[in-house]
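Annotated in TrEMBL:
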- 1-21: signal peptide (SIGNAL)
- 52-177: domain 'Corticotropin-releasing factor binding protein N-terminal' (DOMAIN)
- Cys60-Cys81: disulfide bond (DISULFID)
- Cys104-Cys141: disulfide bond (DISULFID)
- Cys183-Cys205: disulfide bond (DISULFID)
- 185-306: domain 'Corticotropin-releasing factor binding protein C-terminal' (DOMAIN)
- Cys237-Cys264: disulfide bond (DISULFID)
- Cys277-Cys318: disulfide bond (DISULFID)
Amino acid sequence: MPSAFQFQCHLVLIFLAASKGETRYLEVRDAGEDDPFLLLSEDLKRELSAGQIYRRSLRCIDMLSIEGQFTFTADQPQLHCATFFIGEPEELITIHYDFVNIDCQGGDFLKVFDGWILKGEKFPSSLDHPLTTSQRYVDFCESGNIQRSIRSSQNVAMIFFRIQLPGNGFSVTVKKNSNLFPCNVISQTPSGRFTMVIPHQHRNCSFSIIYPVVIKISDLILGHLNGLFLKKPSASCAGVGDFVELLGGAGLDPSKMFPLADLCHSFHGSAQMKIGCDNTVLRMVSSGKHINRVTFEYHQLDLQETETRKENSIEEFCFPSI
């Protein structure tokens with residue numbers, strides 16, 4: 001059976017049909033026939049290409065991957081609601097409040113979070129985000145009209161809200177903006193190919209895939225000699241300054257995941273690893289002294305691949321949560 005983490009994450013990825021369940025902090029309801037997790041229909045794509053704005057109502061727990069105007073109106077007290085936003089890896093998300101009618105004095109709230117939170121775990125982690133945790137929250141009840149537009153730092157963002165009086169609600173417009181050097185990314189799909197570039201910047205970047213996967217790194221440029229090292233208690237790339245690490249775990253926060261392998265030096269070729277964890281993360285640590293680049297591809301791990309060893313492959317790893 002899938003883990004609780006996989007179940008929650010799959011609920012907020014657009015290519016899955018809606019399911020039922022519970023999280024620690026969020027109440028999950030039946031999404032019904034108007035399924036927000038399905039990809040756009042051809043008719044809707046044609047409508048959007050004609051320049052029209054896509055509009056629809058929000059559910060208490062919802063997922064958005066497209067631009068448009070979205071409205072929530074409470075039909076009963078809604079105490080634990082959230083909307084998850086996700087774009088392509090090279091996109092940032094802007095959320096603009098068009099209309100807000102909530103009772104801040106009576107305990108309602110409407111907050112944007114720069115990233116995602118599931119079961120108390122954050123993506124990006126606090127170690128990899130340019131803002132402090134408190135700065136990543138923008139509370140409408142505190143900022144009001146002062147900050148009506150909020151832009152994310154990566155391809156994911158979310159809003160939390162509580163609305164107790166039926167008839168109250170809000171409307172937001174969501175837009176996507178280009179990001180020339182994507183850093184922290186959650187993949188929308190269980191397979192793909194990506195090149196991460198950090199151009200002379202002192203920062204850490206994580207690419208998260210919420211599936212057990214086979215990941216193959218085909219190109220790594222760090223300005224060093226060739227080499228690939230398995231993670232050992234006494235061995236680490238931490239002293240090198242620029243390196244890539246592969247992480248696996250059962251949660252969302254890369255800083256709480258298990259380090260599986262370090263890549264300390266540049267190489268051209270193919271380094272492959274099977275990671276049978278709920279979440280797989282490729283994380284690049286950059287000192288800012290080099291233009292660091294890594295190209296990799298990934299696809300979901302199946303049962304056949306767990307039984308088959310491939311050439312130039314590292315043995316599958318995964319460890320239980322602590």
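Cβ atoms are placed via backbone N, Cα and C, with glycine included.
Because TrEMBL annotations are produced automatically, they should be read as predictions rather than curated entries.
Of all the disulfide-bonded residues listed (Cys60, Cys104, Cys237, Cys264), Cys104 has the fewest other CB atoms within 10 A of its CB. The disulfide-bonded residues listed here (Cys81, Cys104, Cys183, Cys277) include no residue with a Cα within 10 A of the Cα of Cys264 (disulfide bond).
The two recorded residues, Cys60 (disulfide bond) and Cys104 (disulfide bond), show a Cα separation of 18 Å. Taking Cα separation as the measure, Cys183 (disulfide bond) is nearest to Cys277 of the disulfide-bonded residues Cys81, Cys104, Cys277. For the disulfide-bonded residues given as Cys81, Cys141, the lowest number of other CB atoms within 10 Å of the residue's CB is seen at Cys141. Confidence for the domain 'Corticotropin-releasing factor binding protein C-terminal' (185-306), expressed as mean pLDDT, is 84. Within the set of disulfide-bonded residues (Cys183, Cys277), the lowest number of other Cβ atoms found within 10 Å of a Cβ is recorded at Cys183. The number of other CB atoms found within 10 A of the CB of Cys205 (disulfide bond), across every protein chain shown, is 24.
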